[in-house]
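Asks: Handing you this structure, nothing more for now.
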Amino acid sequence: MKYFTQFESKALADQLIEKALFYKANPRIDQEKGAGKRIGCIFLNPSLRTRASTQIAALNLGMEPIVMNMDKEGWALEMKEGVVMNKGTVEHIKDAAAVLGSYFDILAIRAFPSLTNKQEDIEDFIFNQFIKYSGAPVISLESAIRHPLQSLADMVTIREQSGDAKKVKVVLTWAPHIKAIPHAVANSFSEWAIGCGHDLTITHPEGYQLDPIFTNGANIELDQQKALEDADFVYVKNWSAFNDYGKIVTTDNSWMLTEKHFRHAKKAKVMHCLPVRRNLELSDEILDGKRSIVQEQANNRIYAAQSVISHILG
Ligand SMILES: NCCC[C@H](NC(=O)CCC(=O)O)C(=O)O
Ligand SMILES: NC(=O)OP(=O)(O)O
């Protein structure tokens, strides 16, 4: 495997989930595997979990991580081909990515969408420029349209929490927010949950349909109460409109989950990738209550990353 950017197959997902659970039980068992190798973690946007968990994962494998916050510490990058660089950008992605590719054995990149240029975002243009020009193996730390390390950690968490249950009902519910938020987490969660064979229902207000490329195979139910019935796992996430691209269509706060939403889903566990805006996206009551498994999820980010890095190292 040279690139970890999206769901590939159930067989690979199962292998990565098993390996993540193995590393969780034996974090340092492969301390020699990455010895003498470096991973470059390139952030064009903020991060807490992805930044720290990827570094810990690399260190568990004996590999040296170097983090660059390119949005703040690097030169302003030009992404377009053939432009006269007489404005704000200082260095072309061609040159920067080629240098980074020569410095590192693996490159890991975070590049959020603009939410203003739909075509560029759905092509994952900036992320793909790094792939094109670096020549190195690349791991996505969240691109414009996907967040596969998050989704892998989510699948690990569901596997861990569901024990012997053969089939679980998973619900992805939209939550209110005050800002236009990317689709990446919701897209990826849907892609991985369907790919891993879970029974997935997606619920959101009118106008928040996700790109069907990612949701094909899910049950779409616009009535949140109905969607939540008998859920085993409820994944909470805000996203902006996809059709009316990047717009906020409603902020209806009745969509924020509280205990009363779980009348017909008594056993449901609640997931969120974090960061979460409390009492806007999700209530204190849920986040601090027994249903929440958000800390377990965040912890599993380490072993998801370790599993992927190990797989790329071969
Ligand atoms: N990496 C996890 C989520 C990152 C991003 N959240 C945010 O941008 C939150 C911003 C805010 O709450 O102001 C998202 O939802 O895609
Ligand atoms: N869940 C997640 O990706 O968190 P960060 O944005 O803090 O990395």
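A Cβ is built for glycine as well, from the same backbone N, Cα and C atoms used for every other residue.
Caution: TrEMBL annotation is automatic and unverified by curators.
TrEMBL lists Ser47, Leu48, Arg49, Thr50, Trp75, Arg110, His147, Pro148, Leu149, Gln150, Cys273, Leu274, Arg301 with the feature carbamoyl phosphate binding site. Residues or ranges marked as N(2)-succinyl-L-ornithine binding site by TrEMBL: Glu142, His177, Lys237, Arg277. Taken from TrEMBL, the feature domain 'Aspartate/ornithine carbamoyltransferase carbamoyl-P binding' applies to 11-160. The domain 'Aspartate/ornithine carbamoyltransferase Asp/Orn-binding' annotation in TrEMBL covers 185-311.
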Asks: Inside 10 Å of the Cβ of Glu142 (N(2)-succinyl-L-ornithine binding site), count up the other Cβ atoms and send me the figure.
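Replies: Taking every protein chain into account, the count is 26.
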Asks: Please identify, from the binding-site residues Arg49, His177, Lys237, Arg277, Arg301, the residue with the sparsest Cβ neighbourhood, meaning fewest other Cβ atoms within 10 angstroms.
Replies: Arg277
Asks: Tell me the coarse DSSP state (helix, strand, coil) of Lys237 (N(2)-succinyl-L-ornithine binding site).
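Replies: Reduced to three states, the DSSP call for Lys237 (N(2)-succinyl-L-ornithine binding site) is strand.
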Asks: Are any of Arg49, Trp75, His147, Leu149, Cys273, Arg301 (the binding-site residues) within 10 Å of His177 (N(2)-succinyl-L-ornithine binding site) when you go C-alpha to C-alpha, and if so which?
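Replies: Matched binding-site residues: none.
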Asks: Near ligand 2, which of the binding-site residues Ser47, His177, Lys237, Arg277, Arg301 have CB less than 6 Å from any of its atoms?
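Replies: By the Cβ criterion, which requires under 6 Å to ligand 2, the hits are Ser47.
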Asks: State the count of C-beta atoms found within 10 angstroms of the C-beta of His147 (carbamoyl phosphate binding site), not counting that atom itself.
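Replies: The answer is 26.
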Asks: Sorted by position, what residues of the same chain at least six away from Leu149 (carbamoyl phosphate binding site) have a C-beta under 8 A from it?
Replies: Phe4, Thr50, Thr54, Ile139, Ser140, Leu141, Glu142, Arg301, Ala304, Ala305, Val308
Asks: Can you list which of the binding-site residues Arg49, Trp75, Leu149, Lys237, Arg301 have their Cβ under 6 Å from some atom of ligand 1?
Replies: none
Asks: Using all protein chains in view, find how many other C-beta atoms are within 10 Å of the C-beta of Ser47 (carbamoyl phosphate binding site).
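Replies: Summing over all protein chains shown, Ser47 (carbamoyl phosphate binding site) has 18 other Cβ atoms within 10 Å.
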Asks: How do the residues of the domain 'Aspartate/ornithine carbamoyltransferase Asp/Orn-binding' (185-311) split into helix, strand and coil according to DSSP?
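Replies: Each residue of the domain 'Aspartate/ornithine carbamoyltransferase Asp/Orn-binding' (185-311) counted once, the result is 49 helix, 19 strand, 59 coil.
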Asks: Which entry in the list of binding-site residues, Trp75, Cys273, has its Cβ near the fewest other Cβ atoms, using 10 Å as the limit?
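Replies: Least crowded of the binding-site residues Trp75, Cys273, by Cβ count within 10 Å, is Trp75.
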Asks: Between the Cα atoms of Ser47 (carbamoyl phosphate binding site) and Arg277 (N(2)-succinyl-L-ornithine binding site), find the distance and write it as a whole number of Å.
Replies: 15
Asks: Taking only the residues in the domain 'Aspartate/ornithine carbamoyltransferase Asp/Orn-binding' (185-311), give me the average pLDDT of this model.
Replies: 98
